[in-house]
Amino acid sequence: MPPKVTSELLRQLRQAMRNSEYVTEPIQAYIIPSGDAHQSEYIAPCDCRRAFVSGFDGSAGTAIITEEHAAMWTDGRYFLQAAKQMDSNWTLMKMGLKDTPTQEDWLVSVLPEGSRVGVDPLIIPTDYWKKMAKVLRSAGHHLIPVKENLVDKIWTDRPERPCKPLLTLGLDYTGISWKDKVADLRLKMAERNVMWFVVTALDEIAWLFNLRGSDVEHNPVFFSYAIIGLETIMLFIDGDRIDAPSVKEHLLLDLGLEAEYRIQVHPYKSILSELKALCADLSPREKVWVSDKASYAVSETIPKDHRCCMPYTPICIAKAVKNSAESEGMRRAHIKDAVALCELFNWLEKEVPKGGVTEISAADKAEEFRRQQADFVDLSFPTISSTGPNGAIIHYAPVPETNRTLSLDEVYLIDSGAQYKDGTTDVTRTMHFGTPTAYEKECFTYVLKGHIAVSAAVFPTGTKGHLLDSFARSALWDSGLDYLHGTGHGVGSFLNVHEGPCGISYKTFSDEPLEAGMIVTDEPGYYEDGAFGIRIENVVLVVPVKTKYNFNNRGSLTFEPLTLVPIQTKMIDVDSLTDKECDWLNNYHLTCRDVIGKELQKQGRQEALEWLIRETQPISKQH
């Protein structure tokens, strides 16, 4: 697929940068981040401004346009994809590589003296603004809020903002009512002497009110803001969806609730004006709590003396620690998901040798099998179905122009997941339908060793995820190999497939200590550009574990795999595994056979059951 031609769009954007209708004085650079007004990773079509301007549609990236240059910063997941999707107007800035300048350093190096750099304050996170403004100011430049989004001005056929119906979740799924969640939040606010809390992240609002939506594809969220006071609840949401009988009943809107649980509903776009009015009535010592990831427009509406900024909100942390109802729901969801994947892999083994299966048809088949499971709602992200060289594109999504046929000669990687009412799944398996080469087996085995090292790890309570990242890379590092993405991310409970604040990574989502009840992925990989990609991913639950000793009474933790899908033994160089690694894999496969076998039997899926039994035969080293 040829890259998008962007010359005319860039000309129009540069013209807008000088247009007095939009800016009081011309700006010399314009920043276009990935996110929306809620700093979401996955966004609605109406918010895909960076993709519209550049052609690059990966989930992470920041574009900066000056009079002379157009540059795109993205991370290692997207280097290959961005290079393919952008035309020659663009310079790709590969984040994480030592020779790549930061965005602010690059701007300082290319801008004329005393330049003005513009950005839409509603879609830029506060922490990003502060960092950028500080560096620019020290070099004699200025970061300017441009309230009219300049991309919107040149995007003539921009889609409408979605406003789809809401889904209510009962206690069987959530384990705790929305009123109790609000009460818990108010306790956290009182501990910090905070009167008000502004909620801007879409998944936090969905979690708090036990509601789900479908405004963003694959992410069960809805466009909204909330302001929680010690005695007030304000919800900012558009459309008549709040008037649906099930939603009114769920939120108790028609009942004469005690005042502190009565929800005041406001239009979505009135958040800044209502927040401004609220702040105007604050007494001198009253504080308003807001995430430093909230937009600059929201945080700047709160006067500095009243503003309390924190990296992670109490909702973010509470949401990450799943209660027993959520953990059980996630277990159920992963059992259903494993059934669908056993069906898929059995089907692929029969059909691939016939030569008619493509990356797209395999992805479609995976969705078809998932849709047969109870409480299926949607996929949790676009399926990464990739064979041969396409597997080396870490976040590859097949399109007709790139769609390869699966064969007996190439490694096949499928990274996929689903949203069920009781949980969110995300699983990657890499397999070969013919005979893998010795090098493919070698690389796969290094990745498997890393996967096992993380999954079997026992670590003290309070350990941060970044300390486990090297466990996953050690076998690869020993051979001079590595991968350019984190090892794991948090996973929501029928919410976003990527969630903070926990994870296993050398960078993102690794700041908060892991604690029992958190759910993360374990997904090391290896990618040979132009040849193949390998990744093995399970979703795992952090659980307590008893150890021989208990230093300082702090306790220990380990991981329970929730994903129960066989790992193809054909791809393993078994003699390179230790006895402990062989035991781990055999025990894992025994659990897959026991748990998923029962469900396959219950659903009458005999062929898939036979496939499961074949794929979970124990391995042993040739001594």
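Just so you know, glycine gets a Cβ as well, placed from its N, Cα and C.
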Legend entry - Additional site residue, Glu410, Glu440, Glu442, Glu537 [criterion: listed by Swiss-Prot with Asp426, His489, Glu523 for Mn(2+) 2]: Glu537
Legend entry - Record-annotated N6-acetyllysine (source Swiss-Prot) among candidates Lys304, Lys350, Lys598: Lys304
Legend entry - Per Swiss-Prot, Asp426, Glu537 bind Mn(2+) 1; matching candidate in Asp409, Asp415: Asp415
Inset, instruction - Check Swiss-Prot: it lists Arg77, His489, His498, Glu523 as binding peptide. Then name which of His218, His395, His589, His623 it lists for that same site. - result: His395
Inset, instruction - Check the Cα-Cα distances from Lys304 (N6-acetyllysine) to the binding-site residues Arg77, Asp426, His498, Glu523 and tell me which is shortest. - result: His498
Inset, instruction - Please name which of the binding-site residues listed here, His489, His498, Glu523, is nearest in space to Glu537 (Mn(2+) 1 binding site), Cα against Cα. - result: Glu523
Inset, instruction - Tell me the Cβ contacts of Arg77 (peptide binding site) under 8 Å, same chain only and six or more apart in sequence, or just say none. - result: Gly58, Ala60, Ile394, His395, Leu484, His485
Inset, instruction - Round to the nearest Å and give the CA-to-CA distance linking Asp426 (Mn(2+) 1 binding site) with His498 (peptide binding site). - result: 10
Inset, instruction - Measure from the Cβ of Glu523 (peptide binding site) and count the other Cβ atoms within 10 Å, all protein chains considered. - result: 26
